[in-house]
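Single-structure report; data block below.
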Amino acid sequence: MAYSKSYATKLYLVALTTAVVLNVAMNWVLGEGAGSFLFGLAFVVWMTIKTFYYNEHFAATICCCEPIPPIEPADAPPPVLPSNTSQAPAVKKSERLYYLDNLKVFLTMLVIVHHITCTFVGVGWFWGFNGAKMTTDNKVKNVGFWLLTANQSYFMCMFFFISGYFTPTSFDRKGKFGFLKDKFKRLGIPYVVMCFMIYPVVMISSLLIIEDVMSPDSTFSLGDVWFYCLIPNPTVLWFTGWLCIFNTVYASVDHSEPYVMACPKPFFFLFVYTPPLFILNLVLMLCGLGTFFFMPISWGSLPFDVLCFFGGCVAKRNKWLESDTPGGLLEIMSNTWTRVWTFGIFILACVGCLVFYLLEGYNYFMSLLAAYIMIGLAFFVQLDFFRRHFNWTGRWSKILAESAYTAYIIHPLFVNFWSWIFLKTYEASSGTDDIVFIGTNLTSTTEFTAPDSQEWLFGGWICASVEAVVSTWFLAHRIREIPGFKKVL
């Protein structure tokens, strides 16, 4: 059943609002995180059922057996073929936007560095260290929080936009059932595998790292947190779960009449689209939502993720990114004044936030201002920059682009490994053995106050980031070479 666009918009907004309110209410009534836990568990069950529904022969998908052909609905109209194929009008082939592939590679690398940073500043990951309070002396923590603020403001939004951009073409080519079958194969199977296989490994490795580096007098006990491993969690693949939601919504809407819309200009987007969504995003953060169907509610999250995915769909339908589109992104950003002020304000927000953090430490209102500007302008800055400088392909860029999705899936293992390598190296070189974890807190309260500790942290942060990116991509490329795995990855 296909809903009209207006009816579907109202229906899904009501459903989304109801789910958010129920989640928050359950958090307040049952205790902090209770609603998020129950909603998350229900979502894992839904994803598992849908994945097996669309991929009945799970083994046939993983192995190199012949895939089952998609079953189209009985009322699907037959394709209309021209009576004289020799006189059929030539269809203009869409230009290949290589810069979107390269942008996707960059964003995936940024995700890996982001999670390495989380361990080095003690927030946002399974475990962490450097859990001291924010001070101007702890430069690593200040720079790390700046990077986390900047990344969180826009990088997942861009992932959703790129995914949305390729959605209409896939839907038109495969039909509703074939479209959803493909999505729940490429997105659902990794989601289920992460929940029930990779997540326990990542969680156990995190606990073993803590046990390995903690001091003998620490009160941390593995017995206090063993149950973490038994609760299914998609961790970083909350992203693919939400893509399955968005794709299911897209497939249930009537697309017989195209949605016509001009590409918004940076000034309009920053001061018209962004303010109401940013306020809504802030309200969700302040009301204690925490996570929503495993989506972390932070800067640039739920409202902007919804906007960017469906914005990507609209961009494809209206050819915003193609070179010959009047009023498209290329025409907008070809205006020198538009480019200067868009890039100038974006860079000023990034640099200004970093300088402030280094001089004064973390500040919530500075973070608020910087996040607002970066959310509002990142779409235009990134797409224009990569189109101008990275719209090319080659052997290595193709390998990186093809392996980016697999790298995204497996990178938590390497984040844990290289962060642990740094801690062991630091302990061996400095002679210290006092990394302290208190109770069931998975973030160390240790303050790195030694004279050279900041240099160690900066060096380790850079080395761990580079090593994690390189090793993750190397294994991702090898995994895709296993027979049958390219069908999913």
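Just so you know, glycine gets a Cβ as well, placed from its N, Cα and C.
Nobody curates TrEMBL annotations by hand; they come from automatic prediction.
As recorded in TrEMBL, the features of this protein are as follows:
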- 12-30: transmembrane segment (TRANSMEM)
- 36-53: transmembrane segment (TRANSMEM)
- 98-422: domain 'Acyltransferase 3' (DOMAIN)
- 105-128: transmembrane segment (TRANSMEM)
- 143-166: transmembrane segment (TRANSMEM)
- 187-210: transmembrane segment (TRANSMEM)
- 225-246: transmembrane segment (TRANSMEM)
- 267-286: transmembrane segment (TRANSMEM)
- 292-315: transmembrane segment (TRANSMEM)
- 336-358: transmembrane segment (TRANSMEM)
- 364-383: transmembrane segment (TRANSMEM)
- 404-423: transmembrane segment (TRANSMEM)
- 456-476: transmembrane segment (TRANSMEM)
When you look at the transmembrane segment (105-128) alongside the transmembrane segment (187-210), do they share 3+ Cβ pairs under 8 Å, ignoring any pair fewer than 6 residues apart in sequence?
yes
Could you give the residue numbers and ranges of same-chain residues that sit at least 6 residues beyond the transmembrane segment (105-128) on either side and whose C-beta is under 8 angstroms from one of its C-beta atoms?
140-141, 144-145, 147-148, 151-152, 155, 158-159, 202-203, 206-207, 209-210, 235-236, 296, 386, 397, 400-401, 404-405, 407-408, 411-412, 414-416, 418-419, 442-444, 457, 460-461, 464-465, 468-469, 472
Could you check if the transmembrane segment (364-383) is in contact with the transmembrane segment (143-166), meaning 3+ Cβ pairs under 8 Å among residue pairs at least 6 apart in sequence?
yes
